[in-house]
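Annotated domain 'FAD-binding PCMH-type' per Swiss-Prot: 36-203, in sequence order. Summarising the annotation, Swiss-Prot assigns active site to ARG183, GLU302. Swiss-Prot lists SER232 with the feature active site, proton donor.
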Amino acid sequence: MKQVNGEKLLASLGDGVKDIRGRITPDAPMDRVTWFRAGGLAELMFQPHDIDDLVAFLKILPEEVPLTVVGVGSNILVRDGGIPGVVLRLSAKGFGFVELAGENRILAGAICPDKHVAAMAMDNGIGGFHFFYGIPGGIGGAARMNAGANGVETRERLIEVHAVDRKGDKHVLSNAEMGYSYRHSTASTDLIFTSVLFEGYPEERAQIRAEMDAVRNHRETVQPVREKTGGSTFKNPAGHSAWKLIDEAGCRGLVIGGAQMSSLHCNFMINMGQATGYDLEYLGEQVRREVFEKDGIKLEWEIKRLGVFMPGREVRPFHGVTSE
């Protein structure tokens with residue numbers, strides 16, 4: 001369903017937008033942004049030129065206008081009805097940097113790919129970042145959800161997060177203030193992460209290269225890295241592996257519409273070509289149902305679902321009652 005509200009929303013922001021240097025796009029297709037390559041339109045998409053431009057935009061954005069932040073699009077599923085309000089997509093030019101910030105320290109912009117941080121660390125003999133080479137996505141998302149791989153989590157290397165709130169005020173959050181747990185932080189969802197400071201330890205480059213090669217080889221062997229996918233679909237329940245539960249429930253390779261649970265790694269949902277947001281979310285909820293009926297375990301989404309459903313194409317979330 002094509003939205004027609006973007007121009008109206010842009011006009012409502014008044015003359016203040018004339019001073020904005022970033023790109024403002026009404027009715028922006030989200031299927032060009034997400035790694036799933038599916039979903040509806042963003043009513044208005046804003047890509048700030050830099051942090052000052054971001055602050056200026058936030059100060060003219062009315063409080064009642066919804067604001068949704070997306071990173072590189074690797075861990076989100078956008079519904080077919082699109083995303084009302086403003087979608088904030090940080091630009092690579094202003095937020096994609098990675099640089100040294102002192103002995104064994106690295107500062108990375110929120111949109112910087114995780115693997116670029118791993119590469120910077122290796123080039124400078126800084127250990128502890130090899131796991132980032134196996135995580136698809138950007139540093140802001142990794143900091144937000146405490147992303148991890150190969151037994152290492154983001155919180156183990158993170159010193160502080162730099163952020164801006166909805167009013168345009170700047171904040172710095174320490175590791176402790178992030179309130180980390182497994183694939184979660186308690187940081188306010190109103191905060192927009194702009195950069196992250198990390199600290200590693202001295203390590204030989206050859207050793208780091210070997211660790212990164214092992215991560216890459218493992219990922220390419222067991223994950224559908226060349227498919228349209230958002231990464232791990234569900235969190236691992238305590239004491240269990242999500243992929244194993246999905247496999248035991250008979251959902252490996254399960255297809256709904258244009259969406260499939262990967263036959264290579266069944267905790268990865270893939271767009272086989274023409275999947276809609278509805279197909280993907282319906283498939284995920286069906287897997288949650290099948291796993292619960294088999295093992296009594298309720299899987300939690302790791303993929304974020306954003307936006308609104310198309311009328312008549314709503315997906316009912318499974319709440320753990322088999323009679324639903």
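Backbone N, Cα and C define each Cβ position, glycine as well.
Features recorded in Swiss-Prot, as mapped to the structure shown.
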| residue | record | CB count, 10 Å |
| --- | --- | --- |
| ARG183 | active site | 16 |
| SER232 | active site, proton donor | 23 |
| GLU302 | active site | 19 |
Per-region confidence, the domain 'FAD-binding PCMH-type' (36-203) (mean pLDDT, whole number): 97
For ARG183 (active site), the three-state class that DSSP assigns: coil
Structural state of GLU302 (active site), classified by DSSP into three states: coil
Integer Cα-Cα distance in angstrom, SER232 (active site, proton donor) to GLU302 (active site): 7
